[in-house]
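A.B. asks: Input: one structure, supplied below.
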Amino acid sequence: MNDGLDRFRAHLFHDERLGFWLDTSRIRWAADFLDGLEPRLQAAYEAMAALERGAVANPDEGRMVGHYWLRAPELAPDPSIRDAITTTLGRVLTFAEDVHAARIRPERASRFRDVLLIGIGGSALGPQLVSAALTSPADRMRVWFFDNTDPDGFDRTLDAIGDALPGTLAVVISKSGGTKETRNGMLEAEAAYARLGLDFAKHAVVVTGEGSELDKHAVARGFLDRFPMWDWVGGRTSELSAVGLLPAALQGLDVEDMLRGARAMDEVTRSRVTKRNPAAQLAAAWLSATGGAGKKDMVLLPYKDRLELFSRYAQQLVMESLGKRLDRHGREVWQGISVYGNKGSTDQHAYVQQLRDGVDNFFVTFLEVLLDRAPQRGDLSVEPDVTSGDYLSGFLQGTRRALDERGRASITITLEALDATSLGALIALYERAVGIYAELVDINAYHQPGVEAGKKAAQAVIDLEQRVLAALRAKAGTSLSLAEIAAAAGSDDPETVFWILRHLSANPRRGVLRVRGQGAAAEVGSPLDWSWMVAAAP
Ligand SMILES: O=P(O)(O)OC[C@H]1O[C@H](O)[C@H](O)[C@@H](O)[C@@H]1O
């Protein structure tokens, strides 16, 4: 027990100004782990300082890494960058004020009351986290999301927006301006406005890199406004650029507080004294828990409904940054840390059983918010002198203890309250912890070469589908084997042709083509031997 208290004392970080606590006492540090790591940590601090001074920290893409400047523009290495950051923040605030005051108005409705954010990955996850974490009855606008290319997902969101579409401002976000899911979402939204006789351009703004395909489209179509994304901000660290600030400001959240919180956390996590640097302690705890080789998964358990999306946000930040085949010397290292989790105590009734009794391949990060609810809401006693919040805290403490008894590692992050300031600080904490961790394991945290493979393969499928469709159209009214269709499409990949046919058979091209596979019963034959009836669709 006292041993536990000594560990707790030795590994409890607190910052009064941030209203922030970090407890790494249950990480089961080896006695000399931190001392042994200190030289590498010092090197990491120097590398982070160089990055903040404008070093090309992402050499593969020849880019600087400047998300820390977004909340401290005076640190940017170049006056034009400083100016771009402050000007953009001013424009975001003014635009949101103009929308709220109905100085910027939709074509037909009296004012914009809803926002439809169209984006994916780093262009959606931060805004989704912030919107859900800070929503309140005081919100100025409701925020909806298209974050995929799922047609049914588009329909579902449009159904939920319902009659409010004429008063909905579409915010299309894509750093590259070429992401297909986002392009498709925009086209689907455009069509939905058009069905109501409305001009999408009069209801749309973009956040994108200057000169991107999306930017050109917005100029050509005369969108309401355009906000910049810069090559020195990565998608997964873009929450405090216009990507996150614009939707948050439209919702009516205090984006300047978010920036202040991140700035304050940056000031603390710049410390080269490890004991005073919670981002370094977090990175070191990850290193200790995972063996620096991803041997254990990061389970994120916020005991706060508002932070339920934190695990999805952190999943991209951590896994896209750290999941790398090569280190910075080109050696194969297969790095990464897997991240999952939803929220406590809900997850205690789902998978926590395995965490306590099953395979020991994880470490938990508990996230706690001390303030249970807005004080004006009162504090109902669910038992004499016991509140729901006491239970929430009790369940967190109970699970932490139960895991510790089994020798399972955990970290606990405690925020005094959840607001724009502390959320900005939390985001900044994880951004820097990821940066420091990447230094410790010597990888480039700022590129994502692996993502391209899936995108290219998807494009090849779309291209092949065009050839399959052309071949089928030429043979309407006949029955063909898979091999015949593949040959007619000039493909030596019947497996992909099969996938395309199976999908087409469920989604006939209306009025053009219907494809049906038929064959022997499943027990005796393979669907790959089906013959495909090709008919003009009714
Ligand atoms: O903002 P966009 O350019 O549309 O990119 C959206 C996302 O797509 C890519 O797949 C990247 O891997 C992500 O890092 C990025 O956040």
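Each Cβ is built from the backbone N, Cα and C atoms, and glycine gets one as well.
When I checked TrEMBL for this same protein, it listed these features:
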ACT_SITE  GLU320  active site, proton donor
ACT_SITE  HIS349  active site
ACT_SITE  LYS455  active site
A.B. asks: Count the Cβ atoms, other than its own, that fall within 10 Å of the Cβ of GLU320 (active site, proton donor), considering every protein chain shown.
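C.D. replies: For GLU320 (active site, proton donor), the 10 Å Cβ neighbour count is 22.
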A.B. asks: Whole-number Å only: compute the distance from the Cα of LYS455 (active site) to the Cα of GLU320 (active site, proton donor).
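C.D. replies: Each residue's Cα considered, LYS455 (active site) and GLU320 (active site, proton donor) end up 15 Å apart.
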A.B. asks: Rounded to a whole angstrom, what is the C-alpha distance between the residue listed as 'active site, proton donor' and HIS349 (active site)?
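C.D. replies: If we compare the Cα positions of the residue listed as 'active site, proton donor' and HIS349 (active site), the gap is 29 Å.
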A.B. asks: Would you mind pulling the DSSP three-state label for LYS455 (active site)?
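C.D. replies: Helix, per DSSP.
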A.B. asks: Just counting, how many other CB atoms are there within 10 A of the CB of HIS349 (active site)?
C.D. replies: 10
